[in-house]
Amino acid sequence: MTRPTHPNALIWLLLSIAIIALDQATKAWVLTSLPEYIPVPVIHGFWNWYRSYNTGAAFSFLSDAGGWQMWLFIALALGISGLLTFWLSRTPRREWRSALPYALIIGGGIGNVIDRFLHGHVVDFIQWYVGSHYWPSFNLADSAIVAGAIGIGLLSLFDSKHSPKTP
């Protein structure tokens, strides 16, 4: 058996697994330690722990759709995670700028899928605010997804391989 000359980036799935584990551990802590819908200040005037639930997607999109949306979001997350895993298998290991965001999105997506299967909703608990302006509550899986999406966006903007060529 010959070794591939350029190992793929599937090793980055270890980061996805770590994100899933940390996400589920924090949510287990939230479910056993925080009261529902009561702010617990972390940094007064900016950050609370706030246990809440989201049956929808980002910003509670489709949260009142009647239940079918859970299966849509599970299918989307699994499909996107599968596609990104395939892309990781085609990405050389040394290309961390691509592999890192893919791994973040996979870990965050699967973390929220686990919530939907176990609870029928996603557990959120991080609440940021300034004065009376509150950002929607979120969790570590959401943070990983957003960081990964930002990474992909930055890569597409600044990576020389994807930049238009000048004559």
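Glycine residues also receive a Cβ, built from the backbone N, Cα and C atoms like all the rest.
Residues or ranges marked as transmembrane segment in Swiss-Prot: 10-30, 68-88, 98-118, 138-158. The active site annotation in Swiss-Prot covers Asp124, Asp142.
Counting only the Cα atoms, the space from Asp142 (active site) to Asp124 (active site) is about 9 angstrom. Within 10 Å of the C-beta of Asp124 (active site) there are 22 other C-beta atoms, taking all protein chains into account. According to DSSP, Asp124 (active site) sits within a strand segment. Taking every listed stretch (10-30, 68-88, 138-158) in turn, the largest tally of C-beta pairs under 8 A with the transmembrane segment (98-118) is reached by 138-158.
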